[in-house]
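Here the structure is laid out as structure tokens; the discussion comes afterwards.
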Amino acid sequence: MLPVHTLNNGQQIPAIGLGTFQMRQVEGDDVIHRTINTALQCGYRLIDTAAVYRNEADIGRSLKQLLPKYGLSRADIFITSKLSPRDHGFDSTEKACMKTLEALDCEYLDLYLIHWPGVQKLKSDDPRNAELRQESWKALEKLYTAGLIKSIGVSNYTMDHLEELIQYATVVPAVLQVEFHPRLYQKELLEYCKSKGIQLQAYTSLGQGKLLDEPTVCTIAAQYNKTTAQLLLKWALQHDVGVIPKSVRTQHIKDNINVMDFHLSEQAMDSLNSMNTNTHLCWDPTRVK
């Protein structure tokens, strides 16, 4: 049985999901349909997408076709999507969410996140960033109350952004999705989220592939007879952090979910924790005011 995390509103979210960043249909290869088919077959029940990935409609179509094949219904699948930075603001957030629901052909989203604390085309220190993300959050709260979103949260928020949000939030975020791996072990942020009842979910768990050949990672993975990817995912899971690894390769999709048959020792966890260099391999949200 795959692990789940219980969110602060009682909803359960699978601890392991399928990421779909940069997963786009290519002519002659129905990559999304093929990947989701493999994922469902392997036991994945969480699909993570976003408006900026421009694949919501393809994911919705694939799920519609594939769920009956596995005796599944919409209620068996957890779908996450995210608000594009270009759509910040109360009205535009509402419209963007409805557009996402239409693209996915869903009556509701399990989780909807503000993708980025800043607004597209505004400078990172522009005070309107804070004003507009507050409006966006208020729109999410309205959609949540209306039942169109089962849980709401944020992505790429720093502790400062979260503290600001909690000041005006009626609904505390259920999830924070951030870059999280041994080179960016955000321990303080993780502990803060735990204290506020916010579930942390990791993206870039494999460090864009850069961590797969790290000597420490390779040595420990060999000790457990696991792949380096499995080791990195397990490290996050043992910190009670959710993971959403992305792959279109059948073997990798299988391997990424097959991480529940071993447990990392305290020594192994400490070794991986000590790799931290506070290095962002993706985007650095600390500059957004």
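Using N, Cα and C of the backbone, Cβ positions are placed for all residues, glycine too.
Under the heading active site, proton donor, TrEMBL lists Tyr53. Taken residue by residue with DSSP, Tyr53 (active site, proton donor) is part of a helix. Here the Cβ of Tyr53 (active site, proton donor) has 20 other Cβ atoms within 10 Å, regardless of which shown protein chain they belong to.
For the recorded site, His115 (substrate binding site), the DSSP three-state label reads coil. The substrate binding site annotation in TrEMBL covers His115.
Within the model, the domain 'NADP-dependent oxidoreductase' (16-275) shows a mean pLDDT value of 97, rounded to a whole number. The domain 'NADP-dependent oxidoreductase' annotation in TrEMBL covers 16-275.
For Lys82, the entry in TrEMBL reads site 'Lowers pKa of active site Tyr'. Listed in sequence order, Thr49, Ala50, Ala51, Val52, Tyr112, Leu113, Ile114, His115, Ser155 are the same-chain residues at least 6 apart in sequence whose CB falls under 8 Å from the CB of Lys82 (site 'Lowers pKa of active site Tyr'). In three-state terms derived from DSSP, Lys82 (site 'Lowers pKa of active site Tyr') belongs to an extended strand segment.
Cβ neighbours within 10 Å of His115 (substrate binding site), excluding its own Cβ and spanning all shown chains: 23.
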